[in-house]
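Here's the structure we're looking at; comments come further down.
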Amino acid sequence: MDVLIKRKKGILRILFLSFFQIGAFTWGGGYAMVPLIQRELVQKKRLMNDEDFINILSIAQSFPGAIAINTAGLVGNRLAGFPGLLVAILGSVLPSFTVMIMAATILFHFGDLVLVQRFFRGAVPAIVALIATGIFSIAKRALKQRFDLILSGVLFVLVLVFDFHPFWIILIGALTGLVRKS
């Protein structure tokens, strides 16, 4: 019993610190965090495999709310139950909350300064690069069959050209998965 309690406390600490670190050093929001979460928990700490992570990411995307928080909660729940869900979400949100308070204060007082405006404008290409890296990394692991690649392309066009809501995209993908024979 003591071993299980210690093991659970250990995983809770790992979850909190991992998500806190990711949250503290990620600019660009939820999708920019996804490749960092994958690198930290799948590749470095080996707490889950790629397939588990991609499945969690698919579920997280289907929930309303921020993808990073949804992913943190589902990863935490998978690894340590409800306490894991709580500490992973707290770890991922706390840095952003703190930074947002500081950024809002700085922007309120110094937002008209050219250097401040340049700083925030200059961060945009880096954020786009991080998001693109995450997309390619996940696509490489998830889209192994030609059908999956084609379906992904069709769904991409539905969003980009026809402005389909993400709910419908996920529903179409999920229903296709139900009727498709591998």
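Glycine too: its Cβ is placed from the backbone N, Cα and C atoms.
According to TrEMBL, the transmembrane segment annotation covers 12-33 (among others). Sequence-distant contacts of the transmembrane segment (12-33) (same chain, six or more residues past either end, CB-CB distance under 8 Å): 40-41, 45, 47, 66-69, 71-72, 75-76, 79-80, 83-84, 87-96, 99, 123, 126-128, 130-131, 134-135.
Residues annotated as transmembrane segment in TrEMBL: 53-73 (among others). Through the fold, the transmembrane segment (53-73) approaches residues 19, 23, 26, 29-31, 33-34, 37-38, 41-42, 85, 88-89, 91-93, 138, 141-142, 166-167, 170, 174 of its own chain, all at least 6 residues removed from its boundaries and within a Cβ separation under 8 Å.
Among the features that TrEMBL reports, transmembrane segment is placed at 85-107 (among others).
What TrEMBL records for 119-138 (among others) is transmembrane segment.
Among residues of the same chain six or more beyond the transmembrane segment (150-179), those with a C-beta under 8 A of the stretch's C-beta atoms are 58, 61-62, 139, 143. Summarising the annotation, TrEMBL assigns transmembrane segment to 150-179 (among others).
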